[in-house]
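Below is one structure, written out as structure tokens; the observations come after it.
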Amino acid sequence: MIVPAGLSSSAAVAVALVVVSSHLAAAGGARAAGLPSFRGRDIAGSGGPCALAVAPLGYPCEEHQVTTADGYILSLQRIPRGRGGWAAGGRGGGGARAGQPVLLQHGVLVDGMSWLLASPEESLPFILADRGFDVWIANTRGTRWSRRHVSLDPSSRLYWNWSWDDLVINDLPAMVDFVCRQTGQKPHYVGHSMGTLVALAAFSEGRVVDQLKSAALLTPVAYLAHITTPIGILLARAFVGEIISDFLGVAEFNPLAPPVTNLIRAFCRGPGTNCYDLVGSITGKNYCLNSSAVDVFLKYEPQPTSTKTMVHFAQTVRDGVLTKYDYVLPERNFASYGQAEPPVYEMSSIPAGFPLFLTYGGRDSLADPADVRLLLEDLRGHDPDKLTVQYLDQFAHLDFVIGVCAREYVYKDMIAFFDRFNQFSE
């Protein structure tokens, strides 16, 4: 194989792995274009997350779909009330007004199932529903339940021609608008990891802020310059040349396909790496994850995303600034943005009066505290009555979603924050 001049050695390794997997796919040995399995569990005919993870626990659940402006068909699950059948204010179902809506957005390489994998006493959607909230769970394009398009097939490269910029422009506005129209109310928003990045970028451009009551950002990501996870740094360096996406045409990044699994095997052979705790190696040492929670999480995740999104993350790590996708060639940036460099998402442009709840952990290797502090510096002009910041020294990246103690340390304060703004009129 000929490696283009100037390509880093790690990028060259990644390119080689992609080429090998392409040959395997041609021989029928790779499943990069197919749905990731549930590790032996057949999900055909399961009816989606409602039937799989919500209804068996006694909660009402509805499956919904929304089509974005660029044609992607996204899946949303709705848990309109808790197991007791009570709407907000303790009123029963029937003709009672639905509770205050809240939209949950997952991070990269997972889907909406990631919110639903613990017990009802520990999972945020169930906790919110039992408190009278009308819960909506988003699933990003390309993940297991959102792999449809009005005209494109997931096996085509065109289907995967998007980065997280497109989630800012299309997916988030479509889902927020859908929830507003379905409920007649402004929802609260909860994002984790990339779910915070997409929201912050949208808010900085004035998108959806007028349609939301508030936003709770768990492990907020706006900067990635201080990322410390070794495998994250390895992947960022592997994608930093942009060659995987632009020159070889490998558009879907499937964590269960050979290019990534081979890269991780190589990483695990390195010194000082504990791949018996691969989750901890990626996210940081989580405080209140038990082994059964991790086992369940790895049974349903990870999920695919676009290679372009991974390149975009690598650019953020490399450049230390949050911008739109960089096409590298000035003429391509000009064609997309009217300027030679990609525009910057200015966090200081987030409306100062928009209510924000930010919570982050001292052990997080992905949303490093130093990077969160850079975001907080950008928000120094925010209305202090509308900004709540929580710092948990012992928490890492996944504690906020599947940690058995997240209810006590995070969700209780987050719900109290929501309750402060529920009184305001629509």
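Cβ atoms here come from the backbone N, Cα and C positions, even for glycine.
Where the annotation comes from TrEMBL, it is an automatic prediction and has not been curated.
The active site, nucleophile annotation in TrEMBL covers S193. The Cβ neighbour count for S193 (active site, nucleophile), using a 10 Å radius and every protein chain shown, is 27.
The annotation active site, charge relay system is assigned in TrEMBL to D364 (among others). When other Cβ atoms within 10 Å of the Cβ of D364 (active site, charge relay system) are tallied across all protein chains shown, the result is 28.
TrEMBL lists H397 (among others) with the feature active site, charge relay system.
Here the domain 'Partial AB-hydrolase lipase' (56-117) has a mean pLDDT of 84 out of 100. The domain 'Partial AB-hydrolase lipase' feature in TrEMBL is assigned to 56-117.
The feature domain 'Serine aminopeptidase S33' is assigned by TrEMBL to 127-236.
Among the features that TrEMBL reports, signal peptide is placed at 1-32.
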